[in-house]
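Residues annotated as Fe-coproporphyrin III binding site in Swiss-Prot, with sequence analysis given as evidence: 13, 30, 46, 47, 54, 125. According to Swiss-Prot, the feature Fe(2+) binding site maps to 182, 263, an assignment based on sequence analysis.
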């Protein structure tokens with residue numbers, strides 16, 4: 001029997017590929033307004049602090065290839081062809097959907113590399129993808145979230161358990177887990193956006209699976225705008241928890257992200273570590289999902305569930 005061909009649109013935020021991309025990339029994020037020279041220099045210094053340009057572009061490509069391979073190996077009903085579409089740099093979502101149409105794709109599934117749904121992020125990705133798909137006559141079914149997937153929860157719980165195993169007994173007895181995601185403007189909550197609740201649910205499931213005693217939910221990497229953003233920020237939270245509970249070790253799990261990139265390698269591994277050093281506490285962070293086989297298997301399960309429920 002001939003396999004049914006299905007397009008798989010893997011969407012992500014995107015990241016500069018080289019230093020020259022930094023200005024146009026952030027100009028796109030700022031809706032066409034260039035960052036001022038001081039802000040641009042600050043961004044360049046952040047990238048330099050993590051060893052140059054973020055590894056995110058390469059990891060996104062590796063994740064997409066691994067996911068396509070896993071999907072096609074796991075079943076013989078569909079032939080999946082994966083494409084990458086990015087929000088703020090080429091290949092842009094719209095250009096990728098156009099490429100899918102040129103390749104003769106009639107049906108496709110889209111997946112954002114972010115576990116939690118929000119009107120601010122996942123909804124905007126799916127809107128851009130669906131509008132373009134409609135234009136080209138592609139039936140596109142979008143995955144909205146996957147924050148409670150058992151494999152996703154288990155991946156983080158296993159990493160946390162391994163981290164606790166590395167600690168001294170004193171650290172283990174005086175430690176706290178901080179579960180975080182990218183902060184978003186507080187105004188999203190007024191419209192009933194589920195983002196905050198979904199992160200809290202992820203944290204609860206991970207804590208149960210890993211059998212963690214002390215934990216807190218925090219937010220990170222907020223944008224530089226006048227609007228209030230979701231808090232507490234992970235750095236402030238670290239100080240508050242140290243002052244109120246005297247913890248000797250902090251374990252950071254930025255579960256809203258799926259790869260090593262600037263927000264993790266700088267905002268966690270540099271900024272949070274600086275706070276830990278200041279207060280005399282130990283800093284720990286389990287590995288990110290990247291292309292870990294268990295994580296890729298989880299994404300494949302998410303896509304297959306959507307395929308079985310939606311594909312004609």
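Placed from the backbone N, Cα and C atoms, the Cβ positions cover glycine too.
Among 13, 30, 46, 47, 54, 125, the residues given in the record as binding Fe-coproporphyrin III, the maximal Cα to Cα distance rounds to 26 Å. Around the Cβ of residue 263 (Fe(2+) binding site), the same chain contributes 182, 220, 221, 254, 257, each under 8 angstroms and 6 or more positions distant in sequence. Fewest other C-beta atoms within 10 angstroms, among the binding-site residues 46, 182, are seen around 46.
The most densely surrounded of the binding-site residues 13, 47, 125, judged by C-beta neighbours within 10 angstroms, is 125. DSSP assigns residue 54 (Fe-coproporphyrin III binding site) to coil in the three-state reduction, outside any helix or strand. Annotation note: residue 13 (Fe-coproporphyrin III binding site) sits in a coil segment as assigned by DSSP.
Each of the binding-site residues 30, 54 was scored by the other Cβ atoms within 10 Å of its Cβ; the lowest score goes to 30. Look at residue 30 (Fe-coproporphyrin III binding site): DSSP puts it in coil.
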